[in-house]
Amino acid sequence: MLPSLLLPVLLLFLSVSLTAAAAAAAAARCTTSTPIKTYQKCMNLPTQGASLAWTYHPHNATLDLAFSGTFISPSGWVAWGLNPDSPAMTGTRALVAFSDPTSGGLLLLPFILDPGVKLQRSPLVSRPLDVPLLSSSAMLRSDSSVRDGAGLHIFATLRLSPNRTRINHVWNHGLYVQGYSPTIHPTAPSDLASRATIDVVSTATEVGPAVPSWFRSTHAVLNAASWGFLLPVGVTVARYLRQCTSVRPTWFYGHAAVQIVGFLFGTAGFSMGIIMGRASPGVTYTLHRGLGVAAFVTGGLQAAALLFRPKTTNRFRKYWKSYHHFVGYGCVVLGVVNVFQGFEVMELGGSYWKLGYCLVLSTLVGVCVALEANAWVVFCRRAEEEKVRREGRVEGHQAVKGSISI
């Protein structure tokens, strides 16, 4: 009785599962049909669930295409564009769709993404494209208004150069539009990898190298732990434990060990940053990169200084100590400042991660202030004791001279 009842239930479950799988597969496949026209070829793009359909007309070297993307915010934007030089954001001639702030309707405007756009120095202003764009339009797939998750088609007709069928195209979406100016898009690895080169005849595709999703967080943790914490701790050990005669030469080995570990972690984090920079040539954080390079160079100079450390009896020892101190403090300052810059790059300026780092750093600063005050107290006490000792020697010398004269 029980098996006979279970059989229809199992068949129903299997039928529903197959139907859901078929629907998911159908949703995952690109389509050549759009409400406006049907195209000859299509392909799924590797990020953001986007796709591209097109028809190439070799007799006049024109390309009809339809890009399909998705909004991630009611006040957001979706863009597709061509880059004449390379598959990168900088230099892209983009068509950006968003909700018209005046009428509320869907608006499609052309933009040229020059090198200053990624730094957000000024609002992005629409201007005519300097590529042979014959026509362009945009329409929502099924929704009547822009909302989170709304699908979109961007249609364009382009004239390509004769015998040149490879195009570099870039696509992305963002959260906000200020007036008629799109703001910077999210910087997750998938967003930074939204670019490719495609041959519209053979459909051969070259996608830029992507880095694993954990690269970014690991890069941040390594750099914050090394440049932002371990190296300052190493400086603290050298500055305040060196004065304690009871721990000599333990302070030196502790200082060297902390600095070496910190520099190794920092080198790993710096290398990961270089890899991510190469994987996203269109995205450059100039200040963050410059501070990182400066911190790494000064850290390398400190490591090299250990190899050429003169003996305590060498007359150049005092110059080496001055160099070692100034370069070391400079490296710590650069590293800590760049950690805060990294929080801004990762859009974590108001996050608990930044708050936690600030608490750790402020605790270290508090310890340094207390040790500095104690060092000055010890210094003043020793100076007073030395003064009393000198005065005692002088008085004793005068007493001896008086007894001799008598």
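Note: Cβ is positioned from N, Cα and C throughout, glycine not excepted.
Those TrEMBL annotations? Automatic predictions, nothing curated.
Neighbour list (His219 (heme b binding site), Cβ cut-off 8 Å, at least 6 residues apart, same chain): Gly269, Met272, Gly273, Met276. Among the features that TrEMBL reports, heme b binding site is placed at His219, His255, His288, His324.
Feature annotation from TrEMBL assigns domain 'DOMON' to 48-174. Residues in the domain 'DOMON' (48-174) partition by DSSP class (helix H, G, I; strand E, B; coil) as 5 helix, 62 strand, 60 coil.
Sequence annotations record features per position, and here TrEMBL assigns domain 'Cytochrome b561' to 181-380.
Per TrEMBL, signal peptide is recorded for 1-21.
Positions annotated as transmembrane segment by TrEMBL: 220-241 (among others). Within the same chain, residues 247, 250-252, 254-255, 258-259, 261-266, 268-270, 272-273, 292, 295, 299, 328-329, 331-332, 334-336, 338-339, 342, 346, 357, 360-361, 364, 367-368, 371-372, 375 sit at least 6 positions outside the transmembrane segment (220-241) and bring their C-beta atoms closer than 8 Å to a C-beta of that stretch.
Among the features that TrEMBL reports, transmembrane segment is placed at 253-275 (among others).
According to TrEMBL, the feature transmembrane segment maps to 287-308 (among others). Listed as Cβ neighbours of the transmembrane segment (287-308) (distance under 8 Å, sequence separation of 6 or more from its ends, same chain) are residues 223, 227, 231, 256, 259-260, 263, 266-267, 270, 273, 277, 320, 323-324, 327-328, 330-331, 334-335, 337-338, 341-342, 344-345.
Sequence annotations record features per position, and here TrEMBL assigns transmembrane segment to 320-340 (among others).
Sequence-distant contacts of the transmembrane segment (352-380), counting only residues of its own chain at least 6 positions beyond either end whose CB sits under 8 Å from a CB of the stretch, comprise 224, 228-229, 232-233, 236, 239-240, 243, 336, 339-340, 343. Per TrEMBL, transmembrane segment is recorded for 352-380 (among others).
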Over all shown protein chains, what is the count of other CB atoms within 10 A of the CB belonging to His324 (heme b binding site)? 16
Looking only at His255, His288, which of these binding-site residues has the biggest number of Cβ atoms within 10 Å around its Cβ? His255
